[in-house]
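Asks: Handing you this structure, nothing more for now.
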Amino acid sequence: MSGKYLVTGGAGYVGSVVAQHLVEAGNEVVVLHNLSTGFRAGVPAGASFYRGDIRDQDFMRKVFRGRLSFDGVLHFAAFSQVGESVVKPEKYWDNNVGGTMALLEAMRGAGVRRLVFSSTAATYGEPEQVPIVESAPTRPTNPYGASKLAVDHMITGEAAAHGLGAVSVPYFNVAGANRGVRLVHDPESHLIPLVLQVAQGRREAISVYGDDYPTPDTCVRDYIHVADLAEAHLLAVRRRPGNEHLICNLGNGNGFSVREVVETVRRVTGHPIPEIMAPRRGRDPAVLVASAGTAREKLGWNPSRADLAIVSDAWEWHSSHPKGYDDRG
């Protein structure tokens, strides 16, 4: 069933891929992005584009008035750099929390009652056990994770008070290309693309932060393909709305170490990847792996790419876009 959807932050990596999937499924899509990060080139053909900031309440009201009867909103607009959030926490509270507050107000005023929120595993902080289930304690260790958790609490309140039907999807480490289309995180901070930049000669080496974890070598993470992630968002936004806030972790349920990722990049690219050993970064957990049972049960989601083949199509994109996208429209 086709519909009309607003994608905030839809010129960024994940948001642009989700917008593309929505367009290809026959939906009318409006992308909203301020382009402080992200790239205009990432907005898929067939989607309308509004350049503006979700914190601007007048702008948001105009977007909703100009596009009557949005069937739902998929919300990606957020700052997401953990390190920056530690030194500039106010930036994250203002944008991630304040921006979502303005979005919820605009949705309420327009009678839009369906929301999918792009959340993060950072809301859980240091896990007590893995795989991580949705009922796990939420104790974020940085302002970025705290800001996302605050948004989750806001959404829960909105659902109870005003009948919002919402799904939050905390996901873990996303990578890969989507049928040849991949944007870059801006600025890049994720392991797989950083290692691929070493293979391209754009970086001299990859820093490995600690090899003294209680793992076979280095810390272990759950990697999810961006196309699988996009499919989960589409399934979530199609759920029947109601005064409920559902949280569904998205991941493959298995983990790979930093060393395994580096070795895979060496094999796929044929390039040596020099490593620089560095101390652990603060409170980096040894293992972060998701339990996606709720997403499977409630959304009918089944990821189709559960191994490091994710590296191959990411390398294909990086090889054809050696400098990434360099326009901001």
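Keep in mind that glycine also has a Cβ here, set from the backbone N, Cα and C atoms.
Here the structure is a predicted model, which means the values were calculated and not measured.
When I checked Swiss-Prot for this same protein, it listed these features:
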BINDING   13-14, 33-38, 53-54, 76-80, Asn95, Thr120, Tyr144, Lys148, Phe172  NAD(+) binding site
BINDING   Thr120, Tyr144, Asn173, His190, Leu191, Ser207, Val208, Tyr209, Arg221, Arg281, Gly282, Arg283, Asp284  substrate binding site
ACT_SITE  Tyr144  active site, proton acceptor
Asks: Tell me which residues of the chain lie with their Cβ under 8 angstroms from that of Asn173 (substrate binding site), as long as they are six or more apart in sequence?
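Replies: Within the chain, Asn173 (substrate binding site) has Cβ neighbours under 8 Å at His190, Leu191, Ile192, Arg221, Asp222, Tyr223, Ile224, Leu288.
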Asks: How long is the line from the C-alpha of Asn34 (NAD(+) binding site) to the C-alpha of the residue listed as 'active site, proton acceptor', rounded to the nearest angstrom?
Replies: 19
Asks: Let's check the environment of Asn34 (NAD(+) binding site): how many other CB atoms sit within 10 Å of its CB?
Replies: 20
Asks: Relative to the Cβ position of Val208 (substrate binding site), how many further Cβ atoms are located within 10 Å?
Replies: 18
Asks: Taking the Cβ of Ala78 (NAD(+) binding site) as the reference point, list residues of the same chain whose Cβ is under 8 angstroms away and which are at least six residues distant in sequence.
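Replies: Looking at Cβ-Cβ distances below 8 Å from Ala78 (NAD(+) binding site), excluding near sequence neighbours, one finds Gly9, Asn95, Asn96, Gly99, Ser118, Ser147, Lys148.
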Asks: Do me a favour and check the Cα-Cα span between Val208 (substrate binding site) and the residue listed as 'active site, proton acceptor'; whole Å is fine.
Replies: 22
Asks: Return the count of C-beta atoms lying within 10 angstroms of the C-beta of Asn95 (NAD(+) binding site), excluding that atom itself.
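Replies: Its Cβ shell of radius 10 Å holds 19 other Cβ atoms.
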Asks: Under DSSP, is Tyr13 (NAD(+) binding site) part of a helix or a strand, or is it coil?
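Replies: In three-state terms, Tyr13 (NAD(+) binding site) counts as helix.
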Asks: Spatially speaking, which of the binding-site residues Thr120, Gly282, Asp284 is closest to Thr37 (NAD(+) binding site)? Use C-alpha to C-alpha, please.
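Replies: For Thr37 (NAD(+) binding site), the spatially nearest of the binding-site residues is Thr120.
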